[in-house]
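What TrEMBL records for this protein:
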- 607-631: compositional bias 'Basic and acidic residues' (COMPBIAS)
- 645-655: compositional bias 'Polar residues' (COMPBIAS)
- 711-749: compositional bias 'Polar residues' (COMPBIAS)
- 755-764: compositional bias 'Basic residues' (COMPBIAS)
- 607-670: region 'Disordered' (REGION)
- 711-764: region 'Disordered' (REGION)
- 106-143: repeat 'HEAT' (REPEAT)
- 145-183: repeat 'HEAT' (REPEAT)
Amino acid sequence: MQLTAAASFLTILQEESVSIQTYSHSFLHIILQHVEHRDAGVSNAWLETLLSIIEALPKETLRHEILNPLVSKAQLSQTLQSRLVSCKLLGKLANKFEAHIIKREILPLVKSLCQDVEYEVRSCMCRQLDIIAQGIGTELTKSIVLPELIELARDESSSVRLAAFETLVNLLEMFDADDRSQTILPLVKSFCEKSFKADETILLSLSLHLGKLCHGLYGILTPDQHLRFLEFYKKLCTLGLQQENGHNDNQVPPPNQEQEKRYASVRKNCAYNFPAMIVFVDPKNFHMELYSTFFCLCHDPEVPVRHTIAICFYEVSKLLSSGVYLIYKELIALLQDESLEVLDALVDHLPETLELLTTGGESSVQESKLLAVPDLIPALTAAEQRAAGSLKWRTHEKILQKYACLPHIISSDQIYYRFLHRMFTIMITNNVLPVQKAASRTLCIFLRYNRKQEQRHEIIQKLIEQLGQGKSYWYRLRFLDTCEFIIELFSKSFFCKYFFLPALELTHDPVANVRMKLCYLLPKVKSTLKIPADKHLLQQLELCVRKLLCQEKDKDVLAIVKRTVLELDRMEMSMDAFQKRFYEKDSLDQEKEREELLLLEMEQLEKEKQQNEGRQNSDKVFEKKQRRDSKTSAVLPKTIPMSVAGSSSCTPSTSKEVKKSKLVRSQSFSSQALHPKYGNLEKCTGKNSTTVYATSVSGTGKSVLSYTDDSFRTRNSSGNASLYSNTSLPSTSRNINNSVDQKNNGSKDTQSRKATLKSRKSNP
């Protein structure tokens, strides 16, 4: 009853059920009366209510009803509970009055309570000093609060020393460099040195506030002091792991279960402070100073430690900026972590982290995606499958939602082959509706940024055939969900082109739930139409609505159809022409349509680029073949005389012709020796060189003539083909004429050969 009454009194004030004057008169006295209840739970409940309403009460009421009675209640003669309540009230009142009132009426009570005989009171008052310091300003803090803190930091009770340390850390920004270096730094150093020998609670507090402490002392530390704080932090990060790794140099007995939990909490606090320590050492020195520590925290045996470092991973990535590539292996390790809690924490900022990793911390668009993180795709697929195999469907849903960022991280083909079909499988096989919807929306985003028209058509056809025309009504419901996402993400023309009619076909669905869901979707479907271009689709929509009105037998569906008809009648259609009232929607739709057309243009450009590269490769191969052929043509004149010599030795009647041929060959070899670079070119393209070879071997035999002539004809035709391969269409007539000339020349050569053979037969 007391706890409920305390909560009710606070609700009355928050909801402003009565005026503040009425509240002070009617309820404040009851609250003050029960604050010192003998039951600790009841007393704390009323105290929380009192501390909450202090913010709303006027100053005069606070001074007369609360501050004045505190003078007597803070005395040593009062009970311990009364003095503890006074400490908390003084801390709350310090921000409600002017500095001179605080100095005259509140600070004497504060000093008295700081020197109380009970350590609980000293500790409680010490934790209020940072709030009081904010109310009295820097000068009074240095002259009154700081001496009290120094004295409390040397207190015999560890809880008081701990409270003094935490208060000093919170007040570091209020002190100048001299106070920090001469007064606070020695206290902090001694506190750190004694922390390992003291109670583990002090070590826990120190590890939690170490990042803030190092940040506050950053400008006043010498290099040696800077190194000592860094080494102290590294030591805390591996606390309790030395025994596990076999480095128990001091022969310290292994920790018990309670100590292991405390050590794990210390390492968890160190993981929480890791971003602050990166600032402390400077991100440029991360690899040398802190990478090994970061590696240990990411592979810590305790799940809470890895969970905390996973939460901080994005902050670490931002701080490292261009050096973010140093921690990509740790990202992969956390994605593959066996604990879904770690994965869930990492996924929260996964899109931003991946963007930093792929861009190298720079805002410019990357030239090639996923160069820095080669193992990312297997890690992402494994993470999704691990979440899918668990009972934590919210983690699975979150992962699928965050994977919508992948079009900006990896290429379209990688998404198509590794992720897109997986999304479709989840839509069909998973039993959790939010997971199915998340997979559907992510699939639509993948489709939105797919850069190959053939793949897009395949996905669209699959959606229509397997979902829209699926046997299970569950598939058809998911198709309507997909249509809703298509309307949201794509342009109006895209939906009308591919999904408008398949969606309307579900008006004849045998399942009432499917027809009902379609009726809810019809206003959005109609909003995709543009008049007069989509007038025929509007007629189809009106026809389907009329059929539903006339033929629908389910009373629930019919009621929804009637409401939908009224909504459709009130809708205003967007026109093809520009209209001011639809400016925002139309401009957004035009932007989507422009992006879709741009994807088509980019695909066309990529195809043309690939074709050009193929042509260039074939041209290079052809040029190599040409060079090879030209080299063989240079070798041929040297091989021909050997065969000629063999044939001439068999026919002594042709000795004169052999001499002539030797003379001609010697002239041709001399021309080669004079012009080694251009000899082959003239033989391939010049007509005179062709006639020279024909006359030089005219009396040597048919086989040698046919070999040389065919080789030349081949080179001439290949030369013409390479010459006109990259010309425009009208140049084909030139190729035809050249080929005709080559045929004519070939026929003339054969005629001359036949005449020579006849003369040889007639003159044996």
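From the backbone N, Cα and C atoms, a Cβ is placed for every residue, glycine too.
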Below 8 angstroms Cβ to Cβ, which residues of this chain, lying six or more residues outside the repeat 'HEAT' (145-183), approach it?
110-111, 114, 119-120, 122-123, 126-127, 129-130, 132-133, 136, 138, 191, 198-199, 201-202, 205-206, 209, 212-213, 216-217, 219-220
Restricting to the repeat 'HEAT' (145-183), report the mean pLDDT as a whole number.
89
Let's see if you can do this one: DSSP helix, strand and coil counts over the repeat 'HEAT' (106-143), in that order.
31 helix, 0 strand, 7 coil
